[in-house]
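Take a look at the structure set out below.
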Ligand SMILES: Nc1ncnc2c1ncn2[C@@H]1O[C@H](COP(=O)(O)OP(=O)(O)OP(=O)(O)O)[C@@H](O)[C@H]1O
Ligand SMILES: [Mg+2]
């Protein structure tokens, strides 16, 4: 019996090549999109889960009154907590941002700028599960020890044995010597902690190694710069522990900033456990859900195709159903047979999908910018759900068609009646509408995302980024002679004919601020105003001019003012936003007032025009500008022509002035674009998704059109004999389909508009959902549908009527 | 074997109903070869469908093999089809995707007959109808007469008690028609299969043992 079913199924698939092709292609594309997205979801879900004790690990998180949360806390809490709270078995701290600098092989040797580097607790390799290849984990408990990843060790030492060798790190703590204590396996994409090299935190305990940076003291309770993880005992209640942490904070903290502690489970650090979990995560659970949703929608379109085409085709097979019933088939037999056919089709689709997945894997990895493969599916149980879903979908879509087919009444089929049940037709129409609702929504999303991206990329920043190049200041050789050498370098810059403008500063636009802090008041401030937070930007006297930022009131810093020591300085500038935030009614009013910062008084000497310091994704922050000569960055505007040449010349000048330092530079406009990486990813994703959805939906539409033309051949023949023109035949056959697409557009537009508007709300600078967007999406959907249907219609319109009539 | 008592069939039409068959009393014994004749639209096919349990009568009582069958579940009806009834159609109604062999074999599959028995039954019929050479061809590769031979073989393969045939030769030319009629006669005489056929041809009717005439739904 099964054999008989399979035989028929195969012969039917072969006989109806067009339909088979449509099904297998559509299902194949749908399933491969689904598999890829399953891979991605598995990847995201398995990040950080590989640590042996992950279930008992918690990260201490700060939550501000406005709901913002961050993982950098004061380093002193960890030891205090372990001492006082019996629930805590162990802790591990690490700090990344503060370590970066230039690493040198030996005095005067080759050097590299290293960003992926951190100071970590001595028990780092015991606390977390990062396999060591060489050396003992214990070694990290000593000061001045460095562990390297396998590939970093190769970068510095090639094939020679790394452990025991020394490296020189030049960073904000000056020059420090480290001995290589061990080598660990490269940290993978599956970890949020990813360091090329780790330094023993113990190093920072010695004042000799901190260069007067007192804020870094490991027992301090006022500087938030370190990540603190806790290993909690088996039966501990983490919520009680959280409460204890807050009691401790209230007892000991000097700050009155309204911040509370939360303990975030390590399993939830990458992806939040739910959409409305407020704590900061490294991944984006919204994005993961959205991707999964899109995958399902695309798959749905493919299954709709199956239901549509197989039930439309049912009329052709009605006779077979009737005959089989007469010779003894029950409805169950027939359902079995048709279900078998659908499973076979789905199976072929699945095989095709596996082929596609195999071939397109690298393209997908590139699209999402992560390393993924089929193996990743094994990391989580999602592949089982996925497979279950695929099976369920295949069975349901098959079952539905089978049920429709097997219900035909013998007598009607034998009498040759075309009693297509009207419910079937409505269902078919409904499914087509559903497919185009999905497709049109995705088209709309693509248009909106790209418009918004363009809006961000081309929006007015308030600064001039043209030909502007930023060179990182040197780290090697920052001794007593550095200030003089830096001045000399700036002097040489000024002399170059291809340098239009130049400035030194501690921050540059498109990178973050020096820090954010609160505690500012002015004589007219209201209570609680001191809780407002301000961004701090430390700049030299040429910064504003170089970036083309205008001064609204007052004056710029003088070179002398930038020479004053940090603690002795009494002058600041504000941006307009900060002026408003402090409660001044105009820039002029702010000038010459003294604002209070904790215990210090700072005179406002000037107000600068607002500009987008980070990117157009964020609204403009209130900024306080603080004068210093420090040269963390050199910003240089070049003359327009012959860029490459000038960069080479610059490099030469830099290397002469600062021997041994890597020449690390970027272009300002390019760096701004990096801020929109996420939106670019969304754009690519939605383009791909809508292309797929539209294509699969059109495959189905093409099938239906083919079927319609087939079943109306005779009618068309008669109409042509009666004098119908080609265009009237095309219209006759297309108008019903276009009406369905029209209905879909009417449904999709408000729904998609709602969700896209939600998305746009995240952007302070956003496009309006203008009418043309809807017209464009609608036009596109209609055009594509018309071309798809039109192909078959035109063929029918051009056919010689005699052929169609003779064939009866 | 077949006993109709005051059978009528009507369809709704407008506000009333239109009768297709009226007050039919009919008894057919096992082993008979009955021909139903009458003008087009007189209700021949409808009567045959009722006899073959494809349609339900609107009024009256129908006993098939001494059982009342006018209101039977689909399952029971399928059981009767599997075991006792064979059909031959004017348009052959073979399954296009199956070969000659497979078409004949299918009723046995539904009946649940074992593989070896299926083989021998089908082989026997192919041999009897001289179709062995054609067993792997598809219906579209056969002439009309050959297709109808396959149709008859398929109606016979599960050894039914009765064969209902609606204008089995309607699409054939006379030579082929005679061949089918002779086959029916032989089946009736030698294998004792009861046959009920609808036909427009007086000549075909002569192959039978009895002729029933219908006119406007009445039995004459
Ligand atoms: N479903 C139905 N609804 C209404 N009327 C019907 C239906 N089925 C059949 N009829 C009518 O019943 C009458 C008898 O039809 P039937 O097919 O039995 O005639 P017939 O004697 O076999 O004719 P022919 O020789 O042309 O095959 C016809 O007038 C037909 O229009
Ligand atoms: Mg008839």
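Indices start at 1 and increase along the chain as displayed.
Glycine is no exception: its Cβ is also placed from the backbone N, Cα and C atoms.
Whatever TrEMBL says is automated annotation, not expert-curated.
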TrEMBL annotation of transmembrane segment - which of the ranges A:685-709, A:710-734 it falls on: A:685-709
The annotated transmembrane segment range in TrEMBL, which must be one of A:287-307, A:308-328, A:455-475: A:287-307
Transmembrane segment according to TrEMBL, located in which of A:645-665, A:771-791: A:771-791
Where TrEMBL places transmembrane segment among the ranges A:426-450, A:476-500, A:501-525, A:526-550: A:426-450
Range annotated as transmembrane segment - as stated in TrEMBL, picked from A:233-254, A:255-276, A:343-364: A:343-364
Outside the transmembrane segment (A:287-307), six or more residues from its ends: residues with CB under 8 Å to it: 22-23, 26-27, 29-31, 33-34, 36-38, 40-41, 44-45, 271, 275, 342, 345-346, 349, 389-390, 393-394, 396-398, 400-401, 427-428, 431-432, 434-435, 438-439, 442, 685, 689, 692-693, 696-697, 699-700, 703
Cβ-Cβ under 8 Å with the transmembrane segment (A:384-405): same-chain residues at least 6 beyond its ends: 31, 34-35, 38, 296, 299-300, 303-304, 306-307, 310-311, 314, 317-318, 321, 334-339, 341-343, 346, 350, 377, 421, 424
Secondary structure content of the domain 'ABC3 transporter permease C-terminal' (A:689-797), with strand meaning DSSP E or B: 94 helix, 0 strand, 15 coil
